[in-house]
Amino acid sequence: MTRFACFLFSTLLLSFSYAAITPTSPLSIGQTLSSPNGIFELGFFSPNNSRNLYVGIWFKGIIPRTVVWVANRENSVTDATADLAISSNGSLLLFDGKHSTVWSTGETFASNGSSAELSDSGNLLVIDKVSGITLWQSFEHLGDTMLPYSSLMYNPGTGEKRVLSSWKSYTDPLPGEFVGYITTQVPPQGFIMRGSKPYWRSGPWAKTRFTGVPLTDESYTHPFSVQQDANGSVYFSHLQRNFKRSLLVLTSEGSLKVTHHNGTDWVLNIDVPANTCDFYGVCGPFGLCVMSIPPKCKCFKGFVPQFSEEWKRGNWTGGCVRRTELLCQGNSTGRHVNVFHPVANIKPPDFYEFVSSGSAEECYQSCLHNCSCLAFAYINGIGCLIWNQELMDVMQFSVGGELLSIRLASSEMGGNQRKKTIIASIVSISLFVTLASAAFGFWRYRLKHNAIVSKVSLQGAWRNDLKSEDVSGLYFFEMKTIEIATNNFSLVNKLGQGGFGPVYKGKLQDGKEIAVKRLSSSSGQGKEEFMNEILLISKLQHINLVRILGCCIEGEERLLVYEFMVNKSLDTFIFDSRKRVEIDWPKRFSIIQGIARGLLYLHRDSRLRIIHRDVKVSNILLDDKMNPKISDFGLARMYEGTKYQDNTRRIVGTLGYMSPEYAWTGVFSEKSDTYSFGVLLLEVISGEKISRFSYDKERKNLLAYAWESWCENGGVGFLDKDATDSCHPSEVGRCVQIGLLCVQHQPADRPNTLELLSMLTTTSDLPLPKEPTFAVHTSDDGSRTSDLITVNEVTQSVVLGR
């Protein structure tokens with residue numbers, strides 16, 4: 001097995017590029033087919049260094065490899081003699097080592113002169129070289145990704161559909177549970193389905209935009225096109241207007257992401273569903289999901305919850321029902337027993353019907369005189385839409401959206417004179433009671449006021465500080481929502497305990513799992529660290545950074561709400577003798593590279609330049625696919641684009657991970673994070689902890705052990721014994737050498753993060769490291785570290801004053 005993996009790895013590295021696949025020139029493992037200008041490449045690849053081989057298309061020269069199309073996603077090959085060939089009947093076939101057909105284009109052609117070529121748009125074409133006719137193309141057989149000018153399609157006459165189908169997981173191209181498609185409604189709209197149930201809906205198309213995705217108007221001009229031909233077929237295309245390399249992908253988690261490559265990294269432009277309100281029908285029929293902080297459901301005016309007790313508990317899927325039934329027949333005689341209530345900033349509901357109408361007034365009249373019409377909207381780029389069924393999947397944006405007018409009984413909007421008289425009488429009678437109790441109430445209020453004013457002022461100050469910053473997309477959760485999600489912070493939901501305070505697992509009403517960090521009053525981390533983490537991480541988006549969803553500031557409570565990482569933190573695997581066997585060398589190496597990419601984004605590629613100052617194993621979280629996510633930005637610092645060094649009078653961090661210049665003088669730079677990464681890298685390789693490890697009589701630490709191992713055997717003996725069976729020795733030795741370069745005493749001798757990632761992703765020559773001189777030794781009883789670093793290290797850091 002190991003020999004095969006080593007052979008396969010080396011074979012894949014020896015890549016030879018071809019211009020076309022012909023009957024006499026098949027494509028074998030180790031060979032690639034390049035587009036004319038070298039934008040795309042087709043070849044064999046193996047996700048996550050497994051034995052399974054697939055034929056795929058990816059962007060050439062972009063690391064990590066971004067696969068945009070897979071031919072044999074349902075049938076991998078596992079032998080090194082597979083090839084992709086043009087058959088005598090003109091079709092494209094994938095053969096395994098036994099020359100059995102694993103995948104084919106599925107059609108035969110009366111052509112023996114065809115060839116397969118890859119265009120600069122990423123489209124794989126089978127072309128008849130005699131006539132020049134395209135016989136088959138990959139753009140008509142999409143996977144999980146749309147490239148510019150490829151398209152989704154639905155032909156209602158034939159039933160033919162061209163859809164997006166998610167991967168089963170991040171590393172498994174098998175079709176997953178999510179499917180994206182375009183409808184043939186007038187106007188069309190996009191859907192993501194999870195199995196047979198709607199998961200997300202775009203809202204109807206309005207000439208240049210989807211009405212349920214306002215960002216397509218404001219931040220990413222006209223990235224889509226929807227066209228309908230004479231046969232009624234609808235085509236949805238992702239256009240390339242501003243970026244040379246861009247894509248739309250349906251992820252294995254059900255997210256639809258539009259990204260572009262800026263020359264260094266992928267930048268996220270659109271990501272839906274992005275919040276609670278985006279999920280289909282979260283508030284049920286006639287329920288309105290309001291994009292407040294946090295998002296919440298409410299009933300339209302004139303409606304009440306169908307199941308009031310469930311509604312109070314935050315279970316909104318039952319929706320709402322009318323308080324007063326409609327009496328429609330009077331409208332035609334002038335007795336307006338029904339009225340229309342306008343609601344602004346709305347994502348138009350599902351189940352709409354298009355009505356030919358020249359103006360908003362005509363749209364109103366067409367609904368007014370139709371007893372079954374429950375609502376209408378006149379939308380620029382569409383015209384008149386009416387609803388004859390329940391209003392489902394409605395959300396209200398803070399900005400943007402459409403005006404929806406809902407039919408109500410006139411009594412819901414006012415009432416008759418008798419009703420006004422009764423109300424006036426009730427008010428008069430109540431006035432005396434109110435005045436009589438006012439004095440007593442005021443006296444009690446004065447007693448309580450002084451006791452609570454400081455808490456309110458503090459809470460308001462924190463909220464005002466945040467609102468004065470640009471924290472768009474950050475939600476302010478209500479304490480009640482968090483309490484429901486975490487089962488009142490029960491011990492069963494507790495994930496761990498750190499210096500920040502306890503961390504709890506929670507589940508929101510829409511089923512989304514979250515992690516909640518609850519600031520402890522005894523924590524050394526206060527308002528500065530809390531605010532710092534919110535302001536920094538809310539402005540960052542990268543696959544290798546943990547995503548903050550929001551916060552809660554209520555009374556003395558201060559909580560941070562994150563996306564939940566099912567595999568917790570890296571230290572729970574690396575330092576656990578039973579679980580470390582689950583992370584073989586390929587997984588460890590992939591995690592190492594992911595962390596480096598996250599640091600490069602922080603240091604160089606984000607719009608903020610950030611030094612983390614607390615990079616350590618316990619601050620690396622792992623999602624369900626073992627992708628690493630850098631977390632805990634409470635100690636991070638921003639620096640200006642041309643300023644690569646700063647200092648501080650308050651030294652914060654974790655013993656063992658702090659660089660010499662930072663621990664001794666308070667000077668920090670991106671090279672400080674490089675040092676911390678080096679320690680982390682050596683921990684991941686060895687499975688040993690910097691704060692607990694020592695060996696021989698001199699009690700040498702992990703850095704000294706790594707140095708001696710590298711000098712004696714190239715670092716191969718430094719590897720955790722539980723990972724040796726799956727390793728590539730030269731790769732391990734290279735990583736040990738990189739780790740030693742990162743922990744050099746002088747910052748100038750350490751690589752920056754751009755150089756670091758290049759070292760980890762190429763086979764270029766490495767500088768020779770010097771023996772590391774900075775070490776934190778562990779005493780015999782462990783007392784030096786046991787009081788400073790907790791066992792699980794969820795958030796604990798050392799604070800040293802100078």
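Each residue, glycine too, has its Cβ placed from N, Cα and C.
Residues annotated as signal peptide in Swiss-Prot, with sequence analysis given as evidence: 1-19.
Sequence annotations record features per position, and here Swiss-Prot assigns topological domain 'Extracellular' to 20-421.
Reduced to three states, the DSSP call for ASN48 (N-linked glycosylation site) is helix. The number of other CB atoms found within 10 A of the CB of ASN48 (N-linked glycosylation site), across every protein chain shown, is 14. The N-linked glycosylation site annotation in Swiss-Prot covers ASN48 (among others) and rests on sequence analysis.
For ASN89 (among others), the entry in Swiss-Prot reads N-linked glycosylation site. According to DSSP, ASN89 (N-linked glycosylation site) sits in a coil region rather than a helix or strand.
Sequence annotations record features per position, and here Swiss-Prot assigns N-linked glycosylation site to ASN112 (among others) based on sequence analysis.
Under the heading N-linked glycosylation site, Swiss-Prot lists ASN231 (among others), citing sequence analysis as support. The secondary structure of ASN231 (N-linked glycosylation site), as reduced to three states from DSSP, is coil rather than helix or strand. Under a cutoff of 8 A between CB atoms, and with a sequence separation of 6+ in the same chain, the neighbours of ASN231 (N-linked glycosylation site) are ASN155, GLY157.
The feature N-linked glycosylation site is assigned by Swiss-Prot to ASN262 (among others). In the three-state DSSP classification, ASN262 (N-linked glycosylation site) falls within coil. Around the Cβ of ASN262 (N-linked glycosylation site), the number of neighbouring Cβ atoms within 10 Å comes to 12.
Residues or ranges marked as domain 'EGF-like' by Swiss-Prot on the basis of sequence analysis: 273-309. For the domain 'EGF-like' (273-309), the model's average pLDDT works out to 92.
When secondary structure is read from DSSP and collapsed to three states, ASN315 (N-linked glycosylation site) falls in the coil class. Sequence annotations record features per position, and here Swiss-Prot assigns N-linked glycosylation site to ASN315 (among others).
If you look up Swiss-Prot, you'll see 328-410 marked as domain 'PAN'. For the domain 'PAN' (328-410), the DSSP counts in helix, strand and coil order read 15 helix, 35 strand, 33 coil.
Look at Swiss-Prot and you will find ASN331 (among others) tagged as N-linked glycosylation site, backed by sequence analysis.
Among the features that Swiss-Prot reports, N-linked glycosylation site is placed at ASN370 (among others), with the record citing sequence analysis. Using a 10 Å radius centred on the Cβ of ASN370 (N-linked glycosylation site) and all shown protein chains, the other Cβ atoms total 16.
Per Swiss-Prot, the feature transmembrane segment maps to 422-442.
Per Swiss-Prot, phosphoserine is recorded for SER523 (among others).
Marked as phosphoserine by Swiss-Prot: SER538 (among others). Within 10 Å of the C-beta of SER538 (phosphoserine) we count 22 further C-beta atoms, all protein chains included.
The phosphoserine feature in Swiss-Prot is assigned to SER618 (among others).
Between the CA atoms of SER538 (phosphoserine) and ASN262 (N-linked glycosylation site) there is a gap of 21 Å, rounded to the nearest whole number. One residue stands out among the recorded positions ASN89, ASN315, SER618, SER691 for having the most other Cβ atoms within 10 Å of its Cβ: SER618. Cβ contacts within 10 Å of SER631 (phosphoserine), excluding its own Cβ and spanning all protein chains shown: 26.
Shown for the domain 'EGF-like' (273-309): DSSP residue counts in helix, strand and coil, namely 5 helix, 12 strand, 20 coil.
Across the structure, ASN315 (N-linked glycosylation site) and SER631 (phosphoserine) are spaced 31 Å apart at their Cα atoms. The separation of ASN89 (N-linked glycosylation site) from SER691 (phosphoserine), Cα to Cα, is 66 Å. Candidate recorded positions: ASN48, ASN89, SER618, SER631. Nearest to ASN370 (N-linked glycosylation site) by Cα distance: SER631. Taking only the Cα positions, the spacing between ASN262 (N-linked glycosylation site) and SER631 (phosphoserine) is 24 angstrom.
When Cα-Cα distances from SER631 (phosphoserine) are compared across the recorded positions ASN48, ASN89, SER618, the shortest belongs to SER618.
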